[in-house]
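*Asks:* Here's a structure for you.
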């Protein structure tokens, strides 16, 4: 089952690369995170241009705080603790429309999985979010298969015992069309979903309670807006890269360019979460 109650959430460790050149940079970064609810500890390493944050906040929120100092920040890894890396994954969502986003998965404990991310381009309101059976994008999101359901259950909400394992409930987009979320789930395991897909839908998931013929199948949440394959990603201290071997871009140059495609050759202004 999933949880989004702040007092029940499990803190994770976020590893950021932050452009810092002097002690005043360190002081500014430290002040930006000082006293922020949901941040439990901060370690700033000038020599490594690294900031470690133990927090229950979404990584996008912490990154925005760091970049409010006028310095670029790149999330390089996540972990459940400094000395433990169970498994981590990421899905980069896109489709034929304007919806795009990044969603990260982290196995906090053998029994508890963190799902957090930012999705842009949505209509304000609730949108169903689900892990689907296949990592097949040959027909955009229509080839992703049904909800991930190895237990043969009916569709339900993340708090229900009778639910698909891929049922993550709803995320809420604000007036600007951005959904920033963090949830924990006791059924989903990162190692079970790598290679599958994550899909965001056009409407609200009724959590199996709507009485519609699709309620117990899909939650009647409408068309699939955007999707991405769930792939392994770096845990803490597992991503030492400073320069991309494929094209020679530094992590700071990558921060201001698309992840792939022709646009990567020229500077571009990306969404803040990429």
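In case you wondered, yes, glycine gets a Cβ from its N, Cα and C as well.
Below are the features I grabbed from Swiss-Prot:
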type	residues	note
BINDING	22, 25	Cu cation 1 binding site
BINDING	147, 155, 164, 167	Zn(2+) binding site
CROSSLNK	76	ubiquitin cross-link
CROSSLNK	189	ubiquitin cross-link
CROSSLNK	216	ubiquitin cross-link
CROSSLNK	241	ubiquitin cross-link
DISULFID	141-227	disulfide bond
*Asks:* What are the other residues, in sequence order, whose C-beta lies within 8 angstroms of the center of the C-beta atoms of 147, 155, 164, 167 at the Zn(2+) site?
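*Replies:* So the extra residues in range turn out to be 130, 148, 149, 153, 154, 156, 163, 165, 166, 218, 219.
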*Asks:* Distance check, please: Cα of residue 76 (ubiquitin cross-link) against Cα of residue 25 (Cu cation 1 binding site), rounded to an integer number of angstrom.
*Replies:* 19
*Asks:* Of the recorded positions 22, 141, 189, which one sits closest to residue 216 (ubiquitin cross-link) when you measure Cα to Cα?
*Replies:* 141
*Asks:* Out of 22, 25, 155, 164, 227, which of these recorded positions is nearest residue 189 (ubiquitin cross-link) by C-alpha distance?
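*Replies:* So, spelling it out, the nearest of the recorded positions is 164.
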*Asks:* Of the binding-site residues 25, 147, 155, which sits closest to residue 227 (disulfide bond) by Cα distance?
*Replies:* 147
*Asks:* Where residue 155 (Zn(2+) binding site) and residue 141 (disulfide bond) are concerned, what is their Cα separation in Å, rounded?
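*Replies:* Residue 155 (Zn(2+) binding site) and residue 141 (disulfide bond) have their Cα atoms 19 Å apart.
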*Asks:* How many Å lie between the Cα of residue 141 (disulfide bond) and the Cα of residue 25 (Cu cation 1 binding site)?
*Replies:* 43
*Asks:* Between residue 147 (Zn(2+) binding site) and residue 22 (Cu cation 1 binding site), find the distance joining the two CA atoms and give it rounded to the nearest Å.
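*Replies:* Between the alpha carbons of residue 147 (Zn(2+) binding site) and residue 22 (Cu cation 1 binding site) there are 50 Å.
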*Asks:* Specify the secondary structure state of residue 147 (Zn(2+) binding site) as given by DSSP, simplified to three classes.
*Replies:* strand
